[in-house]
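**Student:** Next up is a structure, given as structure tokens.
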Amino acid sequence: MHEREKVGMYKRESMEILKIVKSSRRKNRSIGDYFLASKNMHWILVGSSLFASNIGSGHFIGLAGSAASSGIGVAGFELIAAFALMELGWLFVPVYFSSDVFTMPEYLRERFGGQRIRIYLAFLSLLLYIFTKISADLYAGALFIQIALNRTSTQWLYISIFILLAVAAIFTITGGLTAVLWTDFIQTILMIIGSLILMGFSFVKIGGFRNMFYGNNKSRKWFLWCPTVGLYEFTSLPCPRGLRFTLDWNDNLYAYKLNVVIVQRSLASKNLTHAKAGCVLASFLKLLPLWLIVFPGMVARILFPDTVACADPEECMKICGSPVGCTNMAYAELVINLLPKGLCGLMLAVMMAALMSSLTSIFNSSSTIFTIDIWTRFRKNASDLELVIVGRIFVIVLVIISIVWIPIIQNSGNSRLFDYVNSISSFLAPPVCAVYLLAVFWPRANEQ
């Protein structure tokens, strides 16, 4: 398929979304309008944005890559999220609504009265966004474009990154959260339709769902068995029936109940009822990645053993430029090799939609944290106009820092992008979760 045809479909989608951005720009006159969409969003927009802002290109590339490498176990992150979002709507959002806050660090200031915890967690949140979510999504999206356009040079990787950043920054800087929610709604529809089509082609090619598990020795790694030897002994735990979803509880507590990117969408709802309904919709949508991403990733390992499942470091270096493995190519290989020309262009649009949804959401939430929690610390009497301008400028700063970090991800010793993202957040999430849990559920807790 010609490169112009592949890019053309995404360009048409972008033009439609820009119309929404222009219309929302005229309404962003205050920080409430820009950062919380005037608190007037319908539950359908909230639910679709909760899903789209979490499912970025890093999920399509990283989740499918981890599935190709180690099987179905990685789906646990997504399945637990369905329960985590319900807990967000019924346990945490009512507390945040009653506090009338913009960000989670701001909630801690209202709860404890001091500034130390607020500033510390604001900086920690920004670091996590930059070094995990933004950089990983950019790398994943650029990698997909590089493969789709049959380009192998690093130069093309960075050209793709600059283009993606430019589009995402324009959406966020000019439109605010209102534009982000509407673009997320449109792109959620695109992501689901496109990935459903690819899932269908994958199962047809492999000969059905049963053949994916039992028809090939390479696909047998799908049980969540416990290790029997090693540093920690898990043999006393029920296995595999228990699945031990609780082992990922801390990470999901932070990702879906304390993360400003997620919570900010709920706070933009018309009222608490719309916020809860949005969480219900998002929890159902989070059941889809198992079928739309994980299973196709497992199929890719069977269909492309010489590329996706390469084992020799020299061969892997020739194929994908990484000596530690090429499983991150799993989803892109399916798109390029299984879909006809027109649908290949659609999937390119889907991948870019996933990336744009994730990036615009993170840019908006990060600028909210910096503006509300850090800038107001130094400019206590700043006007609404000044805060909006500072938030837009900070998006540009985020873009620059994220680009600088991408080579580190590219040369990481782990070939699985999803593991890189979750390993960092899993180390930092537990202490943050402890602070918020005490703040929400223990009235006697204080800053001391």
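The first residue you see is number 1, and the count goes up from there.
A Cβ is built for glycine as well, from the same backbone N, Cα and C atoms used for every other residue.
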**Student:** If you check TrEMBL, which stretch out of 43-64, 241-262 is marked transmembrane segment?
**Tutor:** 43-64
**Student:** State, in range form, which of 76-97, 117-144, 185-204, 387-408, 420-442 has the highest count of Cβ pairs under 8 Å to the transmembrane segment (43-64).
**Tutor:** 117-144
**Student:** Among the recorded stretches 76-97, 279-304, 346-375, 387-408, 420-442, which has the greatest number of Cβ pairs closer than 8 Å to the transmembrane segment (117-144)?
**Tutor:** 346-375
**Student:** Near the transmembrane segment (279-304), which same-chain residues lie under 8 Å Cβ to Cβ, leaving out any that are not at least 6 residues past its ends?
**Tutor:** 43-44, 46-48, 50-51, 54-55, 59-60, 63-69, 71-72, 74-75, 78-79, 81-83, 85-86, 88-90, 93, 188, 192, 195-196, 198-199, 202-203, 205-206, 209, 212, 215-216, 218-219, 222, 266, 327, 329-331, 333-334, 337-338
**Student:** Is the transmembrane segment (346-375) packed against any residues at least 6 beyond its ends, judged by a Cβ distance under 8 Å, and which are they?
**Tutor:** 6-7, 9-10, 13, 17, 31, 35, 49, 52-60, 102-103, 105-106, 109, 118-119, 122-123, 125-126, 129-130, 133-134, 137-138, 140-141, 144-145, 148, 164-165, 167-169, 171-173, 176-177, 179-180, 183-184, 186-188, 190-191, 193-195, 197-198, 260-261, 264-265, 335, 339, 382, 387, 390-392, 394-395, 398
**Student:** Residues sitting near the transmembrane segment (76-97): Cβ under 8 Å, six or more positions beyond its termini, same chain?
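**Tutor:** Result: 50, 54, 63, 104, 107, 224, 243, 245, 248-249, 251-253, 255-258, 262-263, 266-267, 272, 275-276, 278-280, 282-284, 286-287, 289-290, 294, 422, 440.
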